[in-house]
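Take a look at the structure below.
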Amino acid sequence: MEGRSLCSPMFLLLALATLNVVHGQGTRVGFYARTCPRAESIVRSTVQSHVRSDRSLAAGLLRMHFHDCFVQGCDGSVLIAGAGTERTAFANLGLRGYEVIDDAKTQLEAACPGVVSCADILALAARDSVFLSGGLSWQVPTGRRDGRISQASDVSNLPAPFDSVDVQKQKFTAKGLNTQDLVTLVGGHTIGTTACQFFSNRLYNFSANGADSSINPLFLPQLRSLCPQNGGDSNRVALDTGSEIRFDTSFFANLRNGRGILQSDQALWNDPSTKSFVQGYLASKASFFNVEFAKSMVKMSNIELKTGTDGEIRKICSAFN
């Protein structure tokens, strides 16, 4: 974290050099330039403060934005608390970073009451989390409004850790994202951890011959020690072994080496339609993946937007107005 200030000349250079994004309908870069000029800097400093205290929050915020966008679009619906909301769905129980969004919202309401949406705060926080983990910054089109619906039953649309490549492609295509976007965005697993319960089925009785044969045999004992056959479901394991807090391309190297953690991740190396993209990132400089990741994030962050008179600007991110 040291030396990686979001207010540094390096940040400004990366922000300017990033890419010309295609704006979503109703969103644009600098949406709050007049109505809340400090909006992005407030989010940035808040994320920086929290991630400095707990570096694992960066992955939590990135994952939360992904989970938000794939259900009802990028509308902050995952932030709503209460019985039966998206937040309570099994796939979302491990999400972290709600307190970061709440902190930023409190500061923004003090500076610009009723102006900045929770959905935009989450989109900006995801970008800042990637940068603070060593990735590239990019310009985030803003202007989203917050959704008025949050139902746990809708979370079935979310890509799952047991999905085949074909199922993953179907889910991404349904959101306007292509196969390269799929591989690129899953590359976000270069930071963060997962619970044993989401992949331990691969370690023991996966088939008649025992463990999943796509796991490197030399890696299997390590995984079994972290996730014993009887118990340990909540134990956390790095999704990118050896580099869980650094945003880089080592995740793809781990897939090549049979060290992918989730079944859905390792499948990207085993399927020819996705393997070519993994190989492309491994053969290129890390900056190429970073730029492509930024492009795919902008595409994803414009899924099914609520803008204009659709949706609301919540006063509190965890509750409808």
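Note that Cβ sites are derived from N, Cα and C of the backbone, with glycine treated the same way.
For 1-24, the entry in TrEMBL reads signal peptide.
Annotation source TrEMBL lists domain 'Plant heme peroxidase family profile' at 26-321.
Long-range Cβ contacts of C36 (disulfide bond) within its own chain (separation 6+, distance under 8 Å): L108, A111, C112, V115, V116. TrEMBL lists C36-C112 (among others) with the feature disulfide bond.
Per TrEMBL, site 'Transition state stabilizer' is recorded for R63. Around R63 (site 'Transition state stabilizer'), the same-chain residues six or more apart in sequence whose CB sits under 8 Å from its CB are L95, R96, G188, G192, listed in sequence order.
Neighbour density for H67 (active site, proton acceptor): within 10 A of its CB lie 22 other CB atoms from the protein chains shown. Feature annotation from TrEMBL assigns active site, proton acceptor to H67.
For S77 (Ca(2+) 1 binding site), applying a Cβ distance below 8 Å and a minimum sequence separation of six or more within one chain yields D68, V71, T85, E86, D146, G147, I149, S150. Here TrEMBL flags D68, V71, G73, D75, S77, E86 as Ca(2+) 1 binding site.
The disulfide bond feature in TrEMBL is assigned to C69-C74 (among others). Proximity of C69 (disulfide bond) to non-local residues of its own chain (separation of 6 or more, Cβ distance below 8 Å) is seen for K175, M300, S301, I303, E304, given in sequence order.
The disulfide bond annotation in TrEMBL covers C118-C317 (among others). Its Cβ taken as reference, C118 (disulfide bond) is surrounded by 30 other Cβ atoms within 10 Å in the chains shown.
The feature substrate binding site is assigned by TrEMBL to P159. Within its own chain, P159 (substrate binding site) has F70, V167, Q168, K171, F172, S264 as residues 6 or more apart in sequence whose C-beta sits under 8 angstroms from its own.
Look at TrEMBL and you will find H189 tagged as heme b binding site. In sequence order, L239, D240, F251, I261, L262, D265 are the residues near H189 (heme b binding site), counting only same-chain partners six or more apart with C-beta under 8 A.
Positions annotated as Ca(2+) 2 binding site by TrEMBL: T190, D240, D248.
Taking the Cβ of C196 (disulfide bond) as reference, residues of its chain lying under 8 Å away and at least six apart in sequence are, in sequence order, L226, C227, G232, D233, S234, N235, R236, V237. According to TrEMBL, the disulfide bond annotation covers C196-C227 (among others).
D75 (Ca(2+) 1 binding site) is 25 Å away from T190 (Ca(2+) 2 binding site) when you measure Cα to Cα.
Of all the recorded positions listed (V71, C317), C317 has the fewest other CB atoms within 10 A of its CB. In terms of Cα distance, the recorded positions that sit within 10 Å of C118 (disulfide bond) are D75, chosen from H67, G73, D75.
Checking the recorded positions (H67, D248, C317) against C74 (disulfide bond) with a 10 Å Cα-Cα cut-off leaves H67. Here the binding-site residues are D68, E86, D240, D248, and the one whose Cβ sees the fewest other Cβ atoms within 10 Å is D248.
Straight-line distance linking the Cα atoms of D75 (Ca(2+) 1 binding site) and H67 (active site, proton acceptor), rounded to a whole number, equals 11 Å. Sitting within 8 Å of the Cβ centre of D68, V71, G73, D75, S77, E86, and not among those site residues for Ca(2+) 1, are the Cβ atoms of H67, C69, F70, Q72, C74, G76, V78, G147, S150, D154.
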